[in-house]
Structures are given as C-alpha cells and as structure tokens.
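Novice: Take a look at the following structure, please.
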Amino acid sequence: MIDSRVQRVAVGPLTGAPASARTARPGARVAGAVLCTVGLALLCLRSQLAAAVGLEAVAMAFWVWARAAEDAEAQAPRWAWLRRPAAALWLAVAIHAVWPWLSHGRGPVRDGMLAPLRWLEAGAVVWAGLELLAGLPLARPYSDLPGPLLAMRPWLPVMLPAAGFMVLWRQSPHWLGISPVRHTATVLLLVTAVLGALRAFARRQWIASLRWLAISDSALAGVLVATGVVPERSSLLLWLGACGGHALLLMGELRGASPRRGPFITRLWRAASWTTLAALSWPMMIALISGKRGVAWAVSFAIGALPVCLNAWVTVGRMVAAPERRKMVRAGAALKLTRLAPLAVLATGPVALLVAWWGGFEPPWRDSAAALAPAVLGGMAALVARQTQARPVWRALRGMGRGMPAFAGAAFQAVIGIERRLVALVDGLVRAVASPLHDLHTGDAQEYLLFVVGLGVLALVLPLLQ
Amino acid sequence: MSPLIVVSILPAVHGPLSGLVKALGAMLPALHGPVIPALACLAAAALLLLLEAREGAGAMEVASLLVLLPLAGVVATAPHVEAAWPALAVALVVAVLARHREDLLHSECGIKLLWVMGAALALSWGGLELLAISTGTRALAEQWAVLRLDLESSIGWSTALSLSLLVGVVMLGGAPFHFWPADLFQGARPWLAPLAVAGIQVCGAGWLLSRVDGIEQFPTGQRIVYSLLGTAAWVALVAGGVTLMVQRRPERRVGTLASLNGALMLASLAAPHRGAMGAGARDIPLALWAGHLALALAGAATLSRFAAVSAGSPSAGPVLFRRHPWSGILGLYAFFSLAAVPGTPGARLWLGVARDLVSAGRVGLLLALAVAWLAAFGAAIRQLREAFGVVTPAAPPGRPVAWQPRAAMWLTGAVLVWMALSGIAGTSQ
C-alpha cells in the first residue's frame, strides 16, 4: 500500500514527469548526500566522538532532505527520532570525556561509586545501535515508511540498520564488557530479527521485503557481535555479505530490476544471498545453542531458527526471474556491476568463515549441522515449492501456506500494537504525574512570593523536626 | 553556497579542522577574563537600545544605557562580588522595569522580581542576623571558629546557615526559582534582559561564594552546606532539564538555559574539592562563567526575539533566517553555547564542572547534570530546526531585519568564537 502511494507521489499527476524533477532542490539534496556520506564514513571509525558526530550528521541529513521534501510537514516529524540515537552516543562521548580513564575490561565493574557511569555508557551505545536497527519499540516500523528524499525513498531507510550495526560493531569495546547490557542487547536483537523476518515474509512486494531483510540481517549480525563467537572482522564480513547483498539487490531492483533480468543472473543472485545468509546464521546459531541441553537448547534453537528460516524462504523463494523485454541488452557499467556483484557477495560468506576459522571458530560437527539446518531447509523448501507446482501435494501445501504471510503480518502488527500501547501507557503515566505539577503553577506574582516564604518557613521548621 | 549546507557540513569535518582551529586559537590572545565579554554585552545592549530609540521611544531612552553600566560592571568584576551588591543589583533592575509602567509585561516582571528577591533577601539577611546572634560576631572566619566549639544546639545555626544561602540559590535562578529568568526574557526589553539576568546571577554566585568562604574550618557546617548546595543543584538541573523539554517559546527557552547555567554554578560549588569545600573557593572559574553567561545570553536573547514559537507541525523559518541566515547562525551559536553543545565555550564549562563532580564522587549530581545537558542539547537542535523551518517556494518577506540586532548577534557571536578558539588552543597547550 505504501509503495503504491510512493509511486503516486513520485510521478506528477499532469506532466508525468517525476515529482523529484519538479521539486528538485539541489542544495538540500547535495547537503544531505554529503552529510550522509560523511556521517556513515565517520561511523566506521573507532573514535566514539567521530561516531557521535557521524550519527548527528546522518540525523541532520534526513532533516535537510525532509525540510525540502514536498510533504515536509509529514517527513520532518517522521524522522525526528533520529536525534535520539545521536543524543545517546553524545552521552557516551560525554561520559568518556568526563572520565577519560574509563576501562572496558570484561572483568567485574570496578571503581564502586562510579560504576554506574560504565553502565550508562554501555547502555547509551547499545541504545543508539538498537534504535537504528529498529530494535526498540519507539520507532520500529520505520522501514515501512518512505524516506524523505524522493529520488531514493524506497531504499533510504536501509541505511539506518547499516548505521545501527556499525555503531554496535565499532563501539563494541564500550558495551561488551557489561554483561547485563550485552545480554539485554542480545535478546532485543533476536526479537528484532524475528520481527524483521516476519515483516519481510508478510510483505508481498519484493522491494518492501528487501528493506526488512536488511534489518533482520543486521540484527542477526548484531547477535554475532554481542556473543563474540567469531572475531570482529569476521562479523563485519558476514554482515557485509548478508545485508550488503540485500542492499545491492534493492538498488538493482530500483534500476529496472536488473538482478532479475534473465534466469542465470537470478540464480546467481539467489545462490549468493542464500550462501551469505547460511554463512551468517551458522556462527549465530552456534552461539545460541552451544553448551545447552534439553528445553533450553530447543528454545534457543527455535528463536534463532525462525528468522533464519523465514529469511531464507523469502530470499530464495521470492526472487523470480523478470522477463527481458528488450531484444538486445545494452552493455554498460551497470550491467557489469550487476553480474560481478553476486560473485563478490557469494565469496564474502566463505571468506568470512575462513577468517573466523583462522581466529579459532571450530564448532563441533553436530552443532554445525543443527546450526546450518534452518538456512538450508528454508531455502530448499522455497525452491521445492516453486519448482514442483504441478504436483497435487505441493498445490495443496501452497494452498495451506497462502495465508501464512497474512498471519505473519498480523503477528507483526500485534507485537507493534502491544509495544505502542505500552509506550502510550508510560507516556500517559508521565503526563498524569506531570499534569498536576504543572497545574500547581499559575504564573501569578503572588504565587512566587508565597513560594519563597514557604521555603523559608520550611528551612526554619526542618531543623526543629530533626 | 547555502549557509545551511556550510553549517551542516561543519560538524562532520570537525576532526580535520581541529588542527587549523588550534593554530588560529594560538594566534589569538587568551580570553579568560569577563571584561571583554561584559563590554561586548554592553555594546550589544547599546545597539538594541539604539533600535528602540529609532523606533520612537525617545532620546531619553538612550540614557538607560547608564543603568546598564553597573550591571556590566558586576559581570566584569565577577570574582570580586561584594555582599551588598545583590540587593543593589536587584533594586536597579526592578527600578528599570518599573520605569516602563505602561508596559504590562515589564510591570509584572518588576513585581515578581521584587517580591521573590525581596523576600529571599529578607530571609537571608535574617539568617545572617541569626548567625551573628548565635556566634556573637559578624566576622565570617570568627563565626566558623565559634561554631566549631559546639557550644550550643545545632538547630539555631543550621537554620541560620541554610537561610543565609537562600538568596544565592534564588538569584542563580536554579529550579524551582527558574521562572524569573524566563519571565524576564519574555517580558523585559531586549536590551535590558540579558545584562539584568547575568548581573543578578553573578551576584547570586558571588553571594554564595562569600558566604561559604573558609567554611572548611567548620566540618559540620561544611557537610550541611555541601548537602544543601548539592540538593539545590540536583533539583535545579533535573527540573530545569524537564522544563526545557516542554517549553515552546524561544525566549523562555533562553531563560531556562540561563537557569541551568545557574544550576551549573551550584553544582560546581557542591563539588567539595574545588568549590565551597576547598581552600581555594575563589579558584572556581567564576570569571569565565560570568563572561560567557552574559555574552551567550545577549546573543541568544536577541535571536529569540526573531524566532517563532514552536507549532505543532513544522513551518517556514522566520524572516531572520530567510533574509539573513548568517546573522541567525551566529545567534544560534550563542544559543548553542548556552546549551553547552560540543565545540562551544559553554561546553568547556560544563565539562569542567562534570570532571569536578567525578573527582568529588558525586555521581547523583553528575547524572542530573547529564540529564540537563541532554535536554539543553536537544533544545538547541530543536531551535536550529525551527529556525530554518521547512523550505517554501514563496519568496522571503520584503522587509529585512534591522541592522542593529544583526550587528548585536555578530558581535556576541564573534567574541564567543574567540573564546572558543582561545580555549581550544589553551587546552591543547
């Protein structure tokens, strides 16, 4: 529904020209693009200050685009939440600036009274990363909303989970040492991965699904960072393969569905996405299930397997070859990139696992088989379902499964609804407490005099009461 | 190139520019004293007064500048505030407010200020008298020495001690007394409000400093003062931060930021190793705080007169930002400095106090400071976004903003940039 609305907005009603062409504001577009690029580049640096400036720049970029958008009144408030993660990182920066000798060892929290500062810093960094990853209930459905820059609306929100992962990955020394924060982040990331996969599964349109797949991939990669089961570089490569692959697919999709033009390139992309997802899920599942037995193992497995299985199903099953209408495809840089990119994506997963193995990742084969099963089964099931449509058994199964996306969508909406109600409840409670306090203050001059006199009397009476 | 593009890019290239900034700062003479900021503030007030005179307020109004001289003097001599100055400063401000009796907001501000400050002064003077009765002497050092002997019950002197501090807390404008700076910025004339608020706040800080001088000789009293100032600072920071989040009028935002800066001074005094508790109580950078406060208030208050009240939905920016964006940006810099946004001289002050609090182990107060800082930072960004507003195809209004307020913003902004540059260079050395 949202995408059709985007299409309506994107094309002028009378001229047929793209609306972006009519409302082109080069200043805002350039400023936003520069800010966004610089911001994302700064997020790649180890420095916390650079990360805070980077997030602020990304938030500023969205605002610059939003204020220049045709529907600025809707866009500006919609993306105002991006200030929250930036503020959280600024808080972490401030704590470091105030207490420069803050250490980040994994050992017990030291320095007694000042320990809350370490917790606060870790919490602030995780907050920033999680909120960008749609991991907090405050702005979770942002990926369903079009971005503020008309020319890039459908894929602009994909940048945000990438920024969230970069914050969690690059700033990991600041939060991995605080166990409660790390455990909470792991749980929230898993919930995000599940919700992202459900939403991707529920959306019928391939472009919309890709946006949610990027979120789910980033959340799964975030679990890798939180659990520390593979070296840092390996986590980055695995995320780059999975999320980057989906982002490239999205970009290609918006440029004439180039990754799906022809059966060969479609198969290549399908294999690449599936492989990187399997590579990402392997260590992630190992981290969840290793060392567990019985019910704990089953629960952990189920929680990890659900998003992986759904992502594999969507990635493999929804990517169908688009008919090429042109008699001769014009060779160009874009075409070469479309053919080379899946090869690079395909190689990323195995290379990342090689790096992980070099760094000491050697899980037992039984655990590995279980860890790989969700990705393999999800993808296989999607393949089989598509290729064996003629058989009556599969037709029956397809009929049964036709309602599953709607069910997934309803489940997602139910969770979002509950979260919204909880947030509204907290907001209402705060207002209920604040409202009488506000009403106490009338602003009359006499009130101030009475207040000071009251305080004076209190100062006289309190020592007597003691 | 649009100013917005330049301003939006600046934070992103902050790192690479820092070397250049340090080199620039090293070339400038250090600006730590409050004299130049006080003079700049006075010049800004004169410019605004000139505008008022041009608009038909009469030549006699220009003579009001003479009234501002003592207030600027209070800021300029901040480390040496005498005990009698608070009453004189309040009396002066109330008198100026009362002179424009036909202006309802002026009169209201005058009445509020008179009642609150008058009552607070009376209570504090009462406290001083009680202390003198308890100890038999008016000399502060002797009072601590007598009290240390523990000759009588603590009820009398502890009540007297807390009452004697009251006017300092009220004059600093920390919540729950944060209404008066906001009222003054909303109700008083633009040329009067910044110096009046800064002058009164500096007097309040000076009062507190003079009252706790040498108290380390009397540990029991030291503990009480430490606790009282800490509690006052905590309440002021948290309540001020929360207030800032819900405020919609730019003038009141400036007022609440002024009160948060007052709370910052309270927090500094509550850090025992440097503030009231230490031997070098006068070492608190009161001069730097006072100079920065006056200057930032002058710039931000001028800006606030041209900024729109927050509406429910975003709208086009005000005339100032559509016709003269660079002037607006300098005004915003003053606002940002007041809100301690990183890269401004205000941020250095806040960071310094936060470090003092960590050294003193006052984590609760530090957390309150963090809440207030985040609220102030958020308010500054909100102000920036509202100032630039959304892009509209309509042409900017034909009538420009008068040159006097723009010049005032350029002046205060330039001196603040000077402070920032010289501060960065000083830190790097």
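Backbone N, Cα and C atoms are what each Cβ position is placed from, and that goes for glycine too.
Caution: TrEMBL annotation is automatic and unverified by curators.
Straight from TrEMBL, here's the annotation block:
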type	residues	note
TRANSMEM	B:33-51	transmembrane segment
TRANSMEM	B:58-77	transmembrane segment
TRANSMEM	B:83-101	transmembrane segment
TRANSMEM	B:113-135	transmembrane segment
TRANSMEM	B:155-179	transmembrane segment
TRANSMEM	B:191-209	transmembrane segment
TRANSMEM	B:224-246	transmembrane segment
TRANSMEM	B:286-308	transmembrane segment
TRANSMEM	B:328-351	transmembrane segment
TRANSMEM	B:363-381	transmembrane segment
TRANSMEM	B:407-426	transmembrane segment
Novice: Among B:33-51, B:113-135, B:155-179, B:191-209, B:407-426, point out the range having the most Cβ pairs under 8 angstroms from the transmembrane segment (B:224-246).
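Specialist: Maximum Cβ contact count belongs to B:155-179.
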Novice: Please tell me whether the transmembrane segment (B:83-101) and the transmembrane segment (B:33-51) touch - that is, whether there are at least 3 C-beta pairs under 8 Å between them, with each pair 6 or more apart in sequence.
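Specialist: Not in contact, no.
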Novice: Quick one: find which recorded stretch in B:33-51, B:113-135, B:191-209, B:407-426 has the most Cβ pairs under 8 Å with the transmembrane segment (B:286-308).
Specialist: B:33-51
Novice: Counting only pairs 6 or more apart in sequence, are there at least 3 Cβ pairs under 8 Å between the transmembrane segment (B:407-426) and the transmembrane segment (B:113-135)?
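Specialist: Not in contact, no.
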Novice: Near the transmembrane segment (B:328-351), which same-chain residues lie under 8 Å Cβ to Cβ, leaving out any that are not at least 6 residues past its ends?
Specialist: 3, 7, 11, 14, 254, 257-258, 261, 264, 285, 288-289, 292-293, 295-300, 302-304, 306, 320-321, 369, 373, 376-377, 379-380, 383-384, 387, 409-410, 412-414, 416-417, 419-420, 423, 427
